[in-house]
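Colleague: Sharing a structure, written as structure tokens. Questions coming.
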Amino acid sequence: MEKTPSYFVTNHAPKRIHTMARDIKLIIVVRNPVTRAISDYTQTLSKKPEISNFEVLAFKNRTLGLIDASWSALRIGIYALHLESWMQYFPLSQMHFVSGERLIVDPAGEMGKVQDFLGLKRIVTDKHFYFNKTKGFPCLKKPEDSSTPRCLGKSKGRTHPKIDPDVIRRLHKFYKPFNMMFYQMTGQNFEWELEEDSGSRSSQD
């Protein structure tokens, strides 16, 4: 197994991976693209505190409501665009999509589906996880011993900066048609629009 998140959004990756191993099984973890963009910005902000605020970077012209889709933090979340490139080389039967939201609230359930996809016995179950309230994410543990659980590192779980609700609303509107296309392509409804309807919640990356 090899994990590199940037593969999914790199144009030449599908062809090169297909040339290397055409029967490979691909696992793609996705989350609400608005939350993902804010998380991306939060990570960059921690390394470059001098960068402009999120609201400035997200728009070409905020008065006209023109979203800057060329900004990588936003472009990555146009999942349908990236998936089209992969579907030129791999059938959907070789892809498994994991909901980032469900992975947090039900890690055992999502890992069960991953194990099924890989043709593995369901060994990793709910007894292998416990929820870390400080981080806001589940941690992995070995139920057979008392070793220290493995939790996300310091670079994860940062509190997101407060973003103008109007900007979040505009981004939800921007992503909605792409999300609908992605749901149709994958045959899965990730229900990100329900998050929009329930209002923007404070979250961590």
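Any Cβ shown, glycine's included, is placed from N, Cα and C.
Because TrEMBL annotations are produced automatically, they should be read as predictions rather than curated entries.
I grabbed these lines from TrEMBL:
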BINDING   Arg31, Ser39, Lys156, Gly157, Arg158, Thr159, His160  3'-phosphoadenylyl sulfate binding site
DISULFID  Cys139-Cys151  disulfide bond
DOMAIN    18-176  domain 'Sulfotransferase'
Colleague: Neighbour count, 10 Å Cβ-Cβ cut-off, for Thr159 (3'-phosphoadenylyl sulfate binding site): what number do you get?
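Modeller: So the Cβ neighbour count for Thr159 (3'-phosphoadenylyl sulfate binding site) comes to 11.
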Colleague: How does the model score the domain 'Sulfotransferase' (18-176) in terms of mean pLDDT?
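Modeller: Per the prediction, mean pLDDT sits at 92 for the domain 'Sulfotransferase' (18-176).
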Colleague: Most Cβ neighbours within 10 Å: which of the binding-site residues Arg31, His160 is it?
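Modeller: Selected residue: Arg31.
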Colleague: Compare the C-alpha of Cys151 (disulfide bond) with the C-alpha of each of the binding-site residues Arg31, Ser39, Arg158, Thr159, and give the closest one.
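Modeller: Checking each of Arg31, Ser39, Arg158, Thr159 against Cys151 (disulfide bond), the shortest Cα distance is to Arg158.
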Colleague: Work out how many Å separate Ser39 (3'-phosphoadenylyl sulfate binding site) and Cys139 (disulfide bond) at their Cα atoms, rounded off.
Modeller: 19
Colleague: Please report the Cα separation of His160 (3'-phosphoadenylyl sulfate binding site) and Cys139 (disulfide bond) in Å, rounded to an integer.
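Modeller: It is 20 Å, counting Cα to Cα.
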Colleague: At a 10 Å cut-off from the C-beta of Cys139 (disulfide bond), count the other C-beta atoms across all protein chains.
Modeller: 16
Colleague: Taking the Cβ of Cys151 (disulfide bond) as centre, how many other Cβ atoms lie within 10 Å?
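Modeller: Looking across every protein chain shown, the total is 16.
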Colleague: Would you count the other CB atoms within 10 A of the CB of Lys156 (3'-phosphoadenylyl sulfate binding site), including those on all shown protein chains?
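Modeller: There are 14 of them.
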Colleague: To which of the binding-site residues Ser39, Arg158 does the lowest count of other Cβ atoms within 10 Å belong?
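Modeller: Among the binding-site residues Ser39, Arg158, the sparsest Cβ neighbourhood within 10 Å belongs to Arg158.
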